[in-house]
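Listed in TrEMBL for this protein:
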TRANSMEM  27-44  transmembrane segment
TRANSMEM  56-80  transmembrane segment
TRANSMEM  87-105  transmembrane segment
TRANSMEM  117-137  transmembrane segment
TRANSMEM  158-178  transmembrane segment
TRANSMEM  190-210  transmembrane segment
TRANSMEM  246-267  transmembrane segment
TRANSMEM  287-308  transmembrane segment
TRANSMEM  320-344  transmembrane segment
TRANSMEM  350-370  transmembrane segment
TRANSMEM  382-400  transmembrane segment
TRANSMEM  406-425  transmembrane segment
Amino acid sequence: MAMDEEAPLVVEISKNENSIVNHEKDVYILSSAFLLIFLAYGAAQNLESTINTEGNLGTISLGILYLSFMFCSIFASLVVRKLGSKNALILGTTGYWLFVAANLMPNWYTMVPASLYLGFAASIIWVGQGTYLTSAARSHANDHILNEAVIIGKFNGVFWGMFASHQFVGNLITLALMRDEEGGSTSGTTVLFLVFVCTVTLGAVLMCFLSKRAGKEEARQQDSSASSVSSVATLLKSIITLLQDIRMLLIIPLIAYSGLQQAFVWAEFTKYIVQPTMGESGVGGAMAVYGVFDAICSLLAGHFTFGLSSISIIVSGGALVQGAVLVWILLAHSVTAGALGILYPLLVAALWGIGDGVLNTQLSALLGILFKDDLEGAFAQLKLWQSFAIAIVFFLAPYISLQTMLVIMFVALCFSALGFLFLTLKVERAFSYRAA
């Protein structure tokens, strides 16, 4: 009889242990899939402003992409609720495959449609990612009876650490396959993009092995998808409600700056700082260094995230690093030959990667902590304002100087940092109570 009474308990414990393992496994599957997809897309994006230069095709395509991304982000939360986060992630991979494939025959008839569709695909894959990862972290915290904010921070650290390494891997592949030739031309691009098409395909296949989220968040999403939340009117009302929340209003400037600083690396840094001294093939090497430091910083920042106070300290540190780099470039940048000309862009890349790693992990953790009742909407706001800022950079880049861009970046950094510090210093107690 004793054995029979204990059997159900043993089965229940076994199920619980398997559930815990699955949450962690899903984080690594998700991170690996994003690594495979974005090592291709990230490297392609870094090259757009340098290899597709006729009529500024590369830069304009990226501007169109992020403008589409911005508008589609408005409705991305509705799509993710309808499909579920796993299906949204799988569908989102198709846009990246199409964009990378379009670079095999880059012209206005291939790049523009691919960019428009990728804007939609990117909006749902990123809202799906934020929702899926936060749901997994909460389930893991509940199973272990752990602090939810700590697990959200650690899971984001793992994801963004692995994700950031796409810059290292993808750009090493670029460095190995591309060669600068006499006359300013570059060889090896066809083989490079064929390799990238294969890696995106592998990432899409890997995404299919994710478990479906079965926690309260996903159950609530499925229940609401057939009700009033599914209507566009209710969706717009939800967006307006978030924009009336002082927490979101104070975070939006930092979200926008995170987009500006990413676009600066992709469009301005590679074009004006790396290419003049290291050539087009050197873009891959510089961005690989950027990716290494981005990945290391993401892992460390995620490990030390345990709530709003830690987030404020980490973000402030990252802001100081990027502010110092902006002032350094603005006051001291010049094209230098020799070893110093190679060391200078690599050092800037490393420092900029530190700041990007901080912003990626901390913004995702912050939204997961503060907006647990509307994860899809919060992450849609993240991508909406990020993509808006990125689109602005790509459309303005051909018409403004590097110095003008640096001034804009520095002013945006100061403004966003002040807003964020106001959030953490003035209303931290109230928000911590809500997040508990």
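Cβ coordinates come from backbone N, Cα and C, glycine included.
A TrEMBL annotation is a machine prediction, not a hand-curated record.
Sequence-distant residue pairs (6 or more apart) of the transmembrane segment (56-80) and the transmembrane segment (382-400) include at least 3 whose Cβ atoms are under 8 Å, placing the two stretches in contact. Among the recorded stretches 190-210, 287-308, 382-400, 406-425, the one sharing the largest number of Cβ pairs closer than 8 Å with the transmembrane segment (117-137) is 382-400. The recorded stretches the transmembrane segment (320-344) and the transmembrane segment (350-370) share 3+ CB pairs below 8 A when only pairs 6 or more apart in sequence are counted, and are therefore in contact. Below 8 angstroms of C-beta separation, residues 49, 56, 59-60, 62-63, 65-67, 69-70, 73-74, 76, 119, 122-123, 126-127, 130, 252, 255-260, 262-264, 267-268, 271, 363-364, 367 of the same chain, each at least six residues beyond the ends of the transmembrane segment (382-400), sit close to that stretch. Same-chain residues lying 6+ beyond the ends of the transmembrane segment (287-308) with a Cβ under 8 Å from its Cβ atoms: 42-43, 46, 147, 149-150, 152-158, 160-172, 174-175, 265, 270, 274, 314, 318, 346, 349-354, 356-358, 360-362, 365-366, 369, 424, 428, 431-432, 435. Ranked by the number of CB pairs under 8 Å to the transmembrane segment (87-105), the listed stretches 27-44, 190-210, 246-267, 406-425 are led by 190-210. The recorded stretches the transmembrane segment (27-44) and the transmembrane segment (190-210) share 3+ CB pairs below 8 A when only pairs 6 or more apart in sequence are counted, and are therefore in contact.
Counting residues 6+ beyond its ends, the transmembrane segment (246-267) has Cβ neighbours under 8 Å at 45-46, 48-49, 59, 62, 66, 287, 290, 315, 322, 349, 352, 355-356, 359-360, 363, 366-367, 370-371, 378, 381-382, 385-390, 392-394, 397, 405, 408-409, 412-413, 415-417, 419-420, 422-423, 427, 431 in the same chain.
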